[in-house]
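Written below as structure tokens is the structure these notes are about.
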Amino acid sequence: MNATQATALLLGLVTLLHIIAGARVGLTGDAAHYAVYGARLAWSYFDHPPMIGWLQATIEPFSTDNLALRLWPIALGTASGAALYRLARQLYPERSPWLGFVAVAVMQSAIILSLMGISMLPDDPLLLFFLLAAGALHRALIEDRPRAWLWVGLWFGLAALSKYTAVALVFSAVWLMISERRWAQLRTPWPWLGILIALIAILPVLGWNATHDWVSFRYQILHVSDPERHWLLANFVKSQLIQIFSYSPGIYVFGLIALIHAVRRRHDPRNRLLLAMVVPVFVIIDGASGTNVSLPHWPAVGWAVLSIGIATWLSDHRTSRWLQAGVVFSGLYSVLLIGVLLSELIHPWIPFKANAYPLADLYGWRRAADHAEILRAAMAETPGPRPLLYAGNWSYASHIAWYAYPQPVQITDHKMHQMTLWYGNAAAGGRGILVIPQQFHGRIPTWTAKFDRCTPAGNLLIPLERKIATTYYFYRCEGYHG
């Protein structure tokens, strides 16, 4: 078996596991949110560019099954693995093809990168286009092939349609232009045509924001530089700890060593490319994490590219005993955690107390939304304003919005959300059914107090393996305070 076949086998096995696991459980809150994106097509959205909604819109006319809505992340994860293998082979054609296999194995052993393959996130398409952009930049600026700027522009544009983190690619391109001194290329039409292609690609985002008071850009800028929040070292450290355990301690340590190695050997243009692709991502994400603790998948594109640096460093030092021990530990850590998580999704086996199941957020939402709609329809038969479905917090409102679609769902927190653009703010005097999942049980008094009166409308118990995994609470509420 050669390296290409081994890589295909690895990616095929991961894909199969993702398909099996993805068919067994409901959507995460984020995935449900992006499913509504697909149902409510737009040129762009409040919190993200439109790519993720456009992709889901190609599936939803045929099926809204949970597995169907995971087909894109599964396919994108597989394609990203193939793109990483190709990039490693492109950068190091003189090395053994097994270097590409090791890079893919490193990426797949990062827990969060593996799990991204079963839950739709903007980072899924971003990762693929980011890797393709890295290859195009290598051809354009390292190999001095100016026509490759056309591909650079295309991949930049598609990445920008996926997630705003794609702005890091601009810094990558400028970095490489300076480090490689390819100024002569600016006297050719190719870089400018590449820029034009990228700008044309992002016109939907610019046009939508122009008609919505640039709300996405204001939201993203505030998210990373909120003047009401101070930069705290504790937040930064917490973000790093999250990355250590959600990628793996071994990958984190090997990644830092690989970065230092690339800095020391920056005379190699491939190391300069690695630094240009990785450092801007980490600076943007980790730099802002002191203000807002970053989620583990936010710097995923940086860690994916760094997998090649890790693979080359491991290859160069593979005879070291301590390194071999570290690789074994890192591999066992990843296999154990990924195995536990996937096996739990496929067939729950971890003991839990009633109403304390750690993955309860993946269960029962369709039944809860159906039950809430029955209660809402019954309430509509009584005198008063048209009843709506209410959620107390944005983090679970998308579950209801998707499984009860097209019924409007309003959030009672007075903040700006995508839901606000879709369904408006909850109006004073409104009435309807307030849905509260078990994890927010403690907030029932606070959320029901936002209405003149709320009366219990029953509970919905969600069983799992002969225990109650979670409970949904329903309230008939009238006279929202506004």
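Note that Cβ sites are derived from N, Cα and C of the backbone, with glycine treated the same way.
Where the annotation comes from TrEMBL, it is an automatic prediction and has not been curated.
Confidence across the domain 'Glycosyltransferase RgtA/B/C/D-like' (47-208), taken as the mean pLDDT and rounded to a whole number, stands at 96. Taken from TrEMBL, the feature domain 'Glycosyltransferase RgtA/B/C/D-like' applies to 47-208.
Below 8 angstroms of C-beta separation, residues 3-4, 6-7, 10-11, 14-15, 18, 21-22, 70, 73-74, 76-78, 80-81, 84-86, 88-89, 92, 124, 127, 245-248, 251, 254, 296-297, 300, 303-304, 307-308, 310-312, 314-315, 330-331, 334-335, 337-338, 341, 345 of the same chain, each at least six residues beyond the ends of the transmembrane segment (98-118), sit close to that stretch. Residues or ranges marked as transmembrane segment in TrEMBL: 98-118 (among others).
The transmembrane segment feature in TrEMBL is assigned to 148-178 (among others). Using a Cβ-Cβ cut-off under 8 Å and counting only residues 6 or more beyond its ends in the same chain, the transmembrane segment (148-178) has close neighbours at 48-52, 122-123, 125-126, 129-130, 132-134, 136-137, 139-142, 185, 190-191, 193-202, 204-205, 216, 220, 272-273, 275-277, 279-281, 284-285, 298, 301-302.
The transmembrane segment annotation in TrEMBL covers 190-210 (among others).
Taken from TrEMBL, the feature transmembrane segment covers 241-261 (among others).
Sequence annotations record features per position, and here TrEMBL assigns transmembrane segment to 273-291 (among others).
Note on the transmembrane segment (297-315): residues 80, 84, 87-88, 91-92, 95-96, 99-100, 102-104, 106-107, 110, 112-113, 116, 121, 123, 126-127, 130-131, 134, 165, 168, 243, 247, 251, 254-255, 257-259, 261-262, 271, 274, 277-278, 281-282, 285-286, 323, 327 of its chain, located 6 or more positions outside it, place their CB under 8 angstroms from a CB of the stretch. Under the heading transmembrane segment, TrEMBL lists 297-315 (among others).
The transmembrane segment annotation in TrEMBL covers 322-342 (among others). With a cut-off of 8 Å between Cβ atoms, the residues of this chain six or more beyond the transmembrane segment (322-342) that come close are 17, 21, 109-111, 114-115, 248-251, 253-254, 314, 350.
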Distal contacts, the transmembrane segment (241-261) - CB-CB under 8 A, six or more residues away:
106, 109-113, 271, 274-275, 278-279, 293-296, 299, 303, 306, 309-310, 312-314, 326-327, 329-331, 333-334, 337
